[in-house]
Amino acid sequence: MADIVLDKVSKSFPDGTVAVQDVDLEIADGEFVILVGPSGCGKSTTLNMIAGLEDISSGELRIGGQRVNDKAPRDRDIAMVFQSYALYPNMTVRENMAFPLRLAKLDKATIDQKVDEAAKVLELTPLLDRKPANLSGGQRQRVAMGRAIVRQPKAFLMDEPLSNLDAKLRVQMRTVVSRLQKKLGTTTVYVTHDQTEAMTLGDRVVIMRGGAIQQVGPPQELYDHPRNLFVAGFIGSPSMNFLHAAVEDGKLRTALGDVPIGDRIRRELEGADAPRELILGIRPEHFEDAELIDDEARARGMEFTAPADIVESMGSDKYVYFTVEGQRASAAELEELAADAGADFSGGGGNLVTRLSAESPVQEGEDRRVWFNLEKIHLFDPSSGRNLTLHEGRSAGTLGD
Amino acid sequence: MADTTTRAKLRWGLIDVIVVVFALVPVLWIASLSFKTPATLTDGKFWPREWTLDNYKSIFDTDQFVRALVNSIGIALIATLIAVVLGAMAAYAISRLDFPGKRLLVGVSLLIAMFPQVSLVSPLFEIERQLGLFDTWPGLILPYITFALPLAIYTLSAFFKQIPWDLEKAAKMDGATQAQAFRRVIAPLAAPGLFTTAILVFIFCWNDFLFAITLTSTERARTVPVALSFFTGESQFEDPTGAICAAAVVITIPIILFVLFFQRRIVSGLTSGAVKG
């Protein structure tokens, strides 16, 4: 067991493309860290550099305090679980799991004992004599995990280990991975493109984009206090609503009405080079049916009326999609997120996703009065993507002073 | 629906039978001739009226054929071994690594495969005479390797490309050196490819007539296909057809054995279960 430190680690390829740029990351001993981001953000390259499968162009990588830049994967004492599982098809499950131990030249009795132990933890005992071809996807995945845990390495690296499983099994395996990591207490770096996995699994989440770290923190912190537009849009499902907001007469003119701003934001916006156009972000759960709001809450928010397009009842709450007029919010980050999601981004001027209480009597097609919480609003600079509402790492809405 | 599938099966079955008959009739004809006596050789009957093993006895009586058989087996096996080992290394590099000159290497090996061999026979003859390789085993092994390598490289790189690269990475993570990863993970998975290539290369070497007849002059290195052409009867009035047929049957046997021996190792779907899907 050991800590992993990435000190200004970069990866550039001979053709000049930079896959990872100056990544600084300290992973504590026993910590579960998730690297997340859209495809091509450099998360897998970072993982491969920690593994030793990819050379480090510059910077330093330390595992357990030791510089390992030039060490071969086999000398780093870390185990990896691959997205494709990469089981040896010519070996049985037992041989697969014993392979790292045999290479480490342990004696047969110890190998058997360790394999049996690991098999028991992962409930693989009845499958030990089968070949990978005769296993289901979930079983193969567990064998791949077994092969990793069997030799008690300093750290686990997992490269999208669950993405080949079907949705139900993925949720189930998520808890298996989580429980296993807690039980073994081994430092783990886990790569995924699925923000739900990132939110639910990790002690800390690292969000990457274009080879650079955007924000590092516990899942809730990333959710509540995103540092920039990209993080805000990436984390959360359904994702945050983004609306165009114009700064006029000390107010923000938006499709939801004129939003008042507090002293601190006003001071920020008074600067000479301050943007005149902003992007307003608000999460679906910070809306509520105006009928269901008490007076105290009403004072903290604002209301608007809009036609409800679609109502999706989830049982515990309702997802209601509204059409609002107004200009589209546009920024490079939003387009990138949309491209990654494989769809056109329905930012401002389009649909607004809200999550209302299940008690709301809202009907499709009717105009509905909706309340939203001003304390939960984020404002972003469209050119830099910076979250203007963030003050000392906390976001306090537009009214913060 | 059931009707059409039955009809489709019948149609395919019929086509298969035609192809098999077309391919096998000449072979069976030769086998039949090899068992006929000189008197009945030209009777035009498919099934010999009088069975005899004299033809087989006669070819093994002469040192000429036995010596050629030894030459053939030795030369073909050595050339196959070297070509497959070299080809495996080249193919592994081509399928796994990006190195300068990779396209050139692939292109040149393709060029060699396409070059008309008959145009090289005279220069090779001169070169080998100068180097003292003429009429020796290496004198045949070397050109065989040269012309078998492109074949080996092409077949093997196709096989190596099928092996998921993740397996090699996994082996490295599990603590294997590059050599251990190749030997314990990649090579067992590439085995069907190695055997297939070995069969193809062996058949190529075994069947060659052009180089064998030009680059040999005595029994020192003469291979069976050439020795066959030198067959004569006991006297000039005796027809060697029966003996040639017997020899032809005998030299197909090693090929059949070779293929049967390796075919059991060509298990399709050996890599299934390694990665998803």
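One-based numbering along the chain as shown.
Backbone N, Cα and C atoms are what each Cβ position is placed from, and that goes for glycine too.
Per TrEMBL, the feature transmembrane segment maps to B:12-31, B:68-92, B:104-125, B:137-160, B:181-204, B:241-262. The feature domain 'ABC transmembrane type-1' is assigned by TrEMBL to B:69-262.
Within the same chain, the transmembrane segment (B:12-31) stays apart from the transmembrane segment (B:181-204): fewer than three Cβ pairs sit under 8 Å, each pair at least 6 residues apart. With a threshold of 8 Å between CB atoms, the same-chain residues lying at least 6 positions outside the transmembrane segment (B:137-160) that come near it are 71, 74-76, 78-80, 82-84, 86-88, 90-92, 94-96, 106, 109-110, 112-113, 117, 120, 124, 128, 186, 190, 192-194, 196-197, 200-201, 204-205, 208, 211-212, 215-216, 221, 223.
Sequence-distant contacts of the transmembrane segment (B:241-262), counting only residues of its own chain at least 6 positions beyond either end whose CB sits under 8 Å from a CB of the stretch, comprise 27, 30-31, 33-34, 36-38, 41, 54-56, 58-59, 65, 69, 72-73, 195-196, 198-199, 202-203, 206, 224-225, 227-228, 231, 233.
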